[in-house]
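In what follows, a single structure is set out as structure tokens and then discussed.
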Amino acid sequence: MSDFDVIVIGGGHAGCEAAAASARFGARTLLLTHRLETIGAMSCNPAIGGIGKGHLVREIDALDGLMGKAADRAGIHFKLLNRSKGPAVHGPRAQADRSLYRAAIQDLLAATPNLTILEGAAGDLIEENGRITGVICEDGREFRCGAVVLTTGTFLRGVIHVGHTQTEAGRIGEAPAKRLGERLYALGLQMGRLKTGTPPRLARDSIDWDNLPADPGDAEPEAFSPMTTAIINPQVVCRISHTTAETHRIINENLHRSAMYGGAIAGRGPRYCPSIEDKVVRFAERTSHQVFLEPEALPGNPGGDLVYPNGISTSLPADVQAAMIATMPGLENARIVTAGYAVEYDYVDPRELLPSLQLRRLPGLYLAGQINGTTGYEEAGAQGLLAGLNAARATAGNEPLTLDRSDAYLGVMIDDLTLHGISEPYRMFTSRAEYRLTLRADNADLRLTPKGIAAGCVLPEREAAFTAQKAELDAAMARAAETTFLPQTLRDVGFEVSLDGRRRTVLDVLASNGDHTKLDTLAPWFAELPLRVRRHVETEARYDGYLHRQDREIRQLASESAIALPADLDYTAIGGLSSEMRERFSQARPTSFAAAQRVRGVTPAALVALLAHVRTLS
């Protein structure tokens, strides 16, 4: 008998979600991490969510994950990004007190049944009969299991760079996972190197706050999770500084001392979170870049004396960092407590993975997070939840939970990764999704909680809350569809409608442009609805026609694309395929005709040949 059903290696955002999801399913789960006190640590920026990323947090929460609940407990500055645009692209974001976030994650894990947490560094994997069956720790301990989820973050043969000084580490002061990296290379997996970076941390009391523009949060903070009843922490106001022409001069004169531009780093960095060196070089015409000064914690809490200057991650030497910081408004006398640095690490080409996040060539081994080429807490957490759940389901003999691009941003991300791979760290944006109107942050629970209940990762408390909330939403939608007004009645309160004798429902009124508060006098019950319910009704009314059209498109695509492709399909045996198309299909190994349509560079002729061949097989 195995010691555990599932072993999760790594206690970062992916590992915590993986372990919790596996345990919620009922699998005997071990979370193995090199330091217990760093479980749930925010290694880089002290924030959760954002544009696209906030959708992922809501989706994690809809599947009863941890991140949204922890962010609500730790949040000290909430803001809904893209508020001036449509609800489909609204991006909930919260800055968090680092110490409170870490404590919240650890508390949530401690309350999770079926979960054991042990300290130890994984050194090797046990392979038997072509599948992974356990883990060997560097201290010699062995644990047997049915599946392993590997969430190594930046630790896989990690190297930290400050200028030309290199240190083997996955995070400042923490040793890398060298043996695991060597083990994966020995498996013959397609692998590469990526890099990410972090800015210097500044002493809070050394900043001249008085003359810096304020960046306040929302007056009414909006929680990530519907399970959160109140935001309890004091809310802070951030400030904004900026680089100057002098900052850019110092950076340009010292580019040769940067690890990135000095040739010490081979790995690609994230396009959408560039270092300050990259910004100055790539956008040479700009004389200034904003720097958001974000407190790392509330005063009096651990880290409360530190500030995160968002926007200036760097691998320049410490002396250059100090010189450039001093050229920014409000930071003339700022003290650097910890220098910024870049970290380079191994990743596995995500095309090595099935959509379940299990390795194609090695059953029993699942990968999640930065090891798959992504960047960001939210991307890691979402992958971790799916990998942990699917590992647990596999040990119980169940099929994996797979999400389509029309189901979730998580489905979009997994499809992008496993089908196309990456050439730089992958970050989620709303622009990556074809079905943005359907995949809103505000309806994540309606989209995914039923799937989570069916898959076994939603606990009874969350299921009961969802059932009650859905009944409330359904009742409000039904009443809004049944309540009608004559045109003259609507005109009397200021709505511009034709006097055509046709009665308008509340939904009709909400779908029109204009000031909808005038509706309060005609339907006071609507004004009395909880804000979350009222917004849902307004959004559904506003997008009704578009949503129906998008639903038709999704159903049509599903009917044409649902044909499954055999895992062992021999593409070299398909007549009519060019050698290039055979190579592309063989490398991508699409699991369905829908996935085959999205293989990079595929031609219509190749799709016709593939479809004809598969039909002859069936």
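Including glycine, each Cβ sits where the backbone N, Cα and C put it.
Taken from Swiss-Prot as is:
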- GLY10, GLY11, GLY12, HIS13, ALA14, GLY15: FAD binding site (BINDING)
- 269-283: NAD(+) binding site (BINDING)
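Locations of recorded Swiss-Prot features on the structure.
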| residue | record | DSSP (3 states) |
| --- | --- | --- |
| GLY11 | FAD binding site | coil |
| GLY269 | NAD(+) binding site | coil |
| GLU277 | NAD(+) binding site | helix |
| PHE283 | NAD(+) binding site | coil |
Under 8 Å by Cβ from GLY11 (FAD binding site), counting only residues of that chain that are 6 or more apart: LEU31, THR33, HIS34, ARG35, LEU36, THR38, ILE39, GLY40, ILE117
Cβ atoms near HIS13 (FAD binding site) (within 10 Å, other residues, all chains): 33
Beyond the site residues GLY10, GLY11, GLY12, HIS13, ALA14, GLY15: chain residues whose C-beta lies within 8 Å of the centroid, for FAD: VAL8, CYS16, GLU17, ALA18, THR33, THR151, GLY153, GLY369, ALA380, GLY384
Cβ neighbour count (within 10 Å, all chains shown) around GLU277 (NAD(+) binding site): 25
Which same-chain residues, if any, lie at least 6 apart from PHE283 (NAD(+) binding site) yet have Cβ under 8 Å of it: HIS289
Cβ-Cβ neighbours of GLY10 (FAD binding site) (radius 10 Å): 32
Same-chain residues at least 6 apart in sequence whose Cβ lies under 8 Å from GLY15 (FAD binding site): VAL8, ILE9, LEU31, THR33, VAL149, THR151, ALA368, GLY369, GLY384
Sparsest Cβ surroundings (other CB atoms within 10 Å) among the binding-site residues GLY12, GLY269: GLY269
Sparsest-packed of the listed binding-site residues (ARG271, LYS279) - C-beta count within 10 angstroms: ARG271
Sequence-distant neighbours of ALA14 (FAD binding site) in its chain (C-beta under 8 A, six or more apart): THR151, GLY153, ALA368, GLY369, GLN370, ALA380, GLY381, GLN383, GLY384, ALA387
GLY269 (NAD(+) binding site) and GLY12 (FAD binding site), Cα-Cα, nearest whole angstrom: 20
Rounded to the nearest Å - Cα separation of HIS13 (FAD binding site) and CYS273 (NAD(+) binding site): 19
Cβ neighbours within the same chain of CYS273 (NAD(+) binding site) - under 8 Å, at least six residues apart: THR196, SER313, THR375, ARG427
Inter-residue Cα distance where the pair is GLY10 (FAD binding site) and GLY269 (NAD(+) binding site), in Å: 22
